[in-house]
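Listed in TrEMBL:
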DOMAIN    1-433  domain 'Major facilitator superfamily (MFS) profile'
TRANSMEM  6-24  transmembrane segment
TRANSMEM  36-56  transmembrane segment
TRANSMEM  68-101  transmembrane segment
TRANSMEM  122-146  transmembrane segment
TRANSMEM  166-189  transmembrane segment
TRANSMEM  237-257  transmembrane segment
TRANSMEM  277-296  transmembrane segment
TRANSMEM  303-323  transmembrane segment
TRANSMEM  329-356  transmembrane segment
TRANSMEM  368-394  transmembrane segment
TRANSMEM  409-430  transmembrane segment
């Protein structure tokens, strides 16, 4: 549930962000809306990047549960404030603080690795990805169906009500209420951080990375290998960062592309249409993660799956500009199938890398290791929306180019990043433990 609390504020944004930026009237031209939307999408990840190591260290020192409780409470406060944003800068600041004070994902990944035995690690990481998948179902549905309620449901919501004056508040409020329930329920979570000596002085974030330790039977702590010198861990984190950059840029670009007018190469979808597509993808992703992925991983291993998924993603993304030429039922069927396949392939890659990262370190280093992974990944994910927004805006201004016109150049760049990630999964770069 904590992972869903982290996923919902991210996934709910995609269906309505374009329209939110439009309503702020900060973009001078319609083609520039995507650029500003990218900045808002990046603010959360930038904030998270600055503190992920800190929250991982706190989770190693004081336990997973306190960090999870505080993180869900932060979602309650700042996601609500984001829904009440009256201008572009308020949206940027609230999203940044939401990421800066939210240390959920690293400790939750460590928690999942600790409650599952070694032989069930694939199931544990698949469960985490499934929780994310549920967030990908609920979040876009909330964002798509509940944004601008006074326009969509005038009989229930007056234009003079708070939901009329703040058209993007309702989906944010629903997510905040859900996070409040999760926050309260988290008080009854069993703590999984064991073999911990409470007399041990707290360590700085850097020291936690350089000299994570293990305490057994009350004996003096024994220094462990520096995380920075642990190449199996560091290589998996670097590859994780490359795919994270791709996935976040894709998520931002897909939603912008879907709502962009046809004259700019988009699909002219509404918030409801985008919410439906993303929710259907989330449903398929959930089924895939709970049924197929653990079985396939058992026989082929996480690395083979990541390579195959990366290679298959390239021709799939190449087809997107041609899907935009369709209309009616053909468009609806094609875009839903493509979106579902793309998300399933992406989550297969990240789940495999989760497994490799947690296998590369012992328990006392796991929170710091996940914090390091989250910091690195968040910096790349912060680049994704901003870079994707700028790239998409630029593509809209070169519709008549002779080479890779319009959105073709956007999906070409995404494929280049994906190809780099696939190449890095081979030896000698990637080393398995």
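Think of each number as a place in line: the chain as shown, counted from 1.
Cβ atoms are placed via backbone N, Cα and C, with glycine included.
TrEMBL: automatically predicted annotations, no manual curation.
Note on the domain 'Major facilitator superfamily (MFS) profile' (1-433): mean pLDDT across this stretch is 84. Using a Cβ-Cβ cut-off under 8 Å and counting only residues 6 or more beyond its ends in the same chain, the transmembrane segment (237-257) has close neighbours at 14-15, 17-18, 34, 37-38, 41, 45, 265-267, 274, 278, 310, 317, 320, 324, 339, 342, 346, 349-350, 353, 357, 372-373, 376-377, 379-381, 383-385, 387-389, 391-392, 407, 410, 414, 417-418, 420-421, 424-425, 429-430. Between the transmembrane segment (36-56) and the transmembrane segment (409-430) there are fewer than 3 Cβ pairs closer than 8 Å, counting only pairs 6 or more residues apart in sequence, which means the two stretches are not in contact.
Counting C-beta pairs under 8 angstroms (sequence separation of 6 or more), the transmembrane segment (409-430) fails to reach the transmembrane segment (166-189), with fewer than 3 such pairs. Long-range contacts of the transmembrane segment (368-394) within the same chain, counting only residues at least 6 positions beyond its ends with a Cβ under 8 Å from a Cβ of the stretch, are 31-43, 45-46, 48-50, 52-57, 59-60, 99, 103, 105-107, 109-110, 205, 208-209, 212, 227, 233, 237-238, 240-242, 244-253, 256-257, 260, 357-358, 360-361, 407, 409-410, 413. Per-stretch counts of Cβ pairs under 8 Å to the transmembrane segment (277-296) identify 329-356 as the leading one among 68-101, 166-189, 303-323, 329-356.
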